Amino acid sequence: MARYIFITGGVVSSLGKGLMAASLAALLQARGFRVRIRKFDPYLNVDPGTMSPYQHGEVYVTDDGAETDLDLGHYERFTGVSARQADNITSGRIYRDIITKERRGDYLGATVQVIPHVTDAIKDFAQAETEDLDFVLCEIGGTVGDIEGLPFIEALRQLHNELDRDQTCFVHVTLVPYIAAAGELKTKPTQHSVRELTGLGIQPDILLCRCEKPLPEGERAKIAQFCNVRKSAVIPALDASSIYAVPLQYHAEGLDGEVLRHFGLTAPDPDLARWEDIVDRYQNPEGEVTIGVVGKYVGLQDAYKSLNEALAHGGMANRVKVRVKWLDAELFEKGDDEIAAQLEPMHGILVPGGFGERGTEGKIASVRFARERKVPFFGICLGMQMACVEGARNTAGIAGASSTEFGPTDEPVVGIITEWMTAEGLEKRSEGGDLGGTMRLGAYEAHLAGNSHVANIYGSTVISERHRHRYEVNVAYKERLEKGGLVFSGMSPDGLLPEIVERPDHPWFIGVQFHPELKSRPFEPHPLFKGFIAAAVKQARLV
């Protein structure tokens, strides 16, 4: 029998509900329970695939091709359980499915309403495919009181009423702000947030109180009294030195124990040795490297959330601190002096994915710098494409090389993928098609050349990686690019789609069409990030 933990947020957004859900799931998992985490997103987009990175942050892609919220990345990294399409739902998808059914006549003439049709769809989502689980943690996006979130709150209220009393637990994440002028933590915002939640029919069982100062016992007692919870169920959640220290901190404050107490369960103490190990690696590095990330969305680091974490994983694997220098690609279009000034201090250069023409000449310039100066280079998605364009222009003699994504070109070294094979059959796309849900998404196999650098890094010649792209390096240019020094060391199984390029005449120069950062985990750092940081460590010793 699955038990459900519903996680809501109050007072303000960005309190860390996703990290809290991931940390609690990791603690329950460490006690021997089977867990899965799900995310309810109240926005009306069908998925975040067409949303601006500045609005939404990173789009996290699952093995089965779902474009989801970045919180699912936290879920995977903390639990090691691969997320699926079935773990993320949006209001947009719910309404689309309901309207499709209504047009088809599935409701037999009934009036379609928020209650019961929308709330039933939410409840069905929460309970789907849970037979083999002990705990299902459901995070509700946004803040209690948001208009778009009301159907989700109502659905959870109904679900609590329909399930056995020992099957549900409500955890409310709230803010206890510190007022410096008064020198006090204020509990009133938490009281009002809980009052709003109870007004919607839900009494929280546990309060997780985010605060920047330790929560005094007197304030915990006050919150417990006014919010109608046990004092032991008021859990302080102070800022942590690293997100990977959060599970240890929550365990020390008794969060997982309080959850088990609520459900009337007993379990062995959690084995947290591996969490203690990675926190030790993070807090006590034996060296330091600086990585320059030349991107388009550097004003919002959430746009590169998994990338940032994967670099940290590579650092922990090599016992070094990774300092990330976020560099706006457009600045590199001003000339060589600016490029040299920004990139010379770097021990490694990474060009991540992105869409559109803006900043691409700056990315190409940074690739050239890395190639000529023999600085470790890692290109991901658009970064690989720009590495191929740079190689075409400067080492293969194809002066007008470009991408059709940026406009008409006589030398389309990069072009739109018109068709590719999936498990279901042949997928086809056209230049003028819809943007949403039409990319090459999810996990695909690649075959690696046996004597290549990447095969040595992976320790295998067959790999599976997650993709999210509409454009691809044009295989018709493969022979000319290889004459210029680029080696196509990874291809799709049919040999038509380039997946990896590298330069044998360079200490560490690799471009990949996929997104390896999506599969990196703190306990299993992705081999490419582990290798990239190792190369940066060697570079740091040379300068």
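Every residue gets a Cβ built from N, Cα and C, even glycine.
Noted in Swiss-Prot for the protein shown:
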type: REGION; residues: 1-265; note: region 'Amidoligase domain'
type: BINDING; residues: Ser13, Asp146, Ile147, Glu148, Lys186, Thr187, Lys188, Pro189, Thr190, Gln191, Lys222; note: CTP binding site
type: BINDING; residues: Ser13, Lys186, Thr187, Lys188, Pro189, Thr190, Gln191, Lys222; note: UTP binding site
type: BINDING; residues: Ser14, Leu15, Gly16, Lys17, Gly18, Leu19, Asp71; note: ATP binding site
type: BINDING; residues: Tyr54, Gly354, Leu382, Gly383, Met384, Gln385, Glu405, Arg470; note: L-glutamine binding site
type: BINDING; residues: Asp71, Glu139; note: Mg(2+) binding site
type: DOMAIN; residues: 290-542; note: domain 'Glutamine amidotransferase type-1'
type: ACT_SITE; residues: Cys381; note: active site, nucleophile
type: ACT_SITE; residues: His515; note: active site
type: ACT_SITE; residues: Glu517; note: active site
Between Lys186 (CTP binding site) and Asp71 (ATP binding site), how many Å separate their Cα atoms?
28
Counting every protein chain shown, other Cβ atoms within 10 Å of the Cβ of Leu15 (ATP binding site) number 19
Largest CA-to-CA spread of ATP binders Ser14, Leu15, Gly16, Lys17, Gly18, Leu19, Asp71, angstrom
12
May I ask you to report the DSSP-based helix, strand or coil state of Gln191 (UTP binding site)?
helix
Mean pLDDT, the region 'Amidoligase domain' (1-265)?
94
Can you grab the distance from Gly16 (ATP binding site) over to Thr187 (UTP binding site)? Cα atoms, rounded to a whole Å.
19
Long-range neighbours only, meaning 6 or more apart in sequence with Cβ under 8 Å: which ones does His515 (active site) have?
Val61, Ser306, Gly353, Ile380, Cys381, Glu465, Arg466, His467, Arg468
I'd like the number of other C-beta atoms within 10 A of the C-beta of Lys17 (ATP binding site), please.
25
Rounded to a whole angstrom, what is the C-alpha distance between Ser13 (CTP binding site) and Tyr54 (L-glutamine binding site)?
16
Out of Ser14, Lys17, Gly18, Gln191, Gly383, Glu405, give those binding-site residues positioned within 10 angstroms of Ile147 (CTP binding site), comparing C-alpha atoms, in sequence order.
none
Between Tyr54 (L-glutamine binding site) and Ser14 (ATP binding site), what is the CA-CA distance rounded to a whole number of Å?
15
Comparing local Cβ density (other Cβ atoms within 10 Å) for the binding-site residues Ser14, Thr187 points to Thr187
Whole-number answer please: how many Å between the C-alpha atoms of Leu19 (ATP binding site) and Lys222 (CTP binding site)?
26
Can you give me the same-chain residues 6 or more apart in sequence from Glu517 (active site) with a CB-CB distance under 8 Å?
Ser306, Leu307, Glu309, Ala310, Ile380, His526, Phe529
Residue among the binding-site residues Ser13, Thr190, Gln191, Gln385 whose Cβ has the most other Cβ atoms within 10 Å:
Gln385
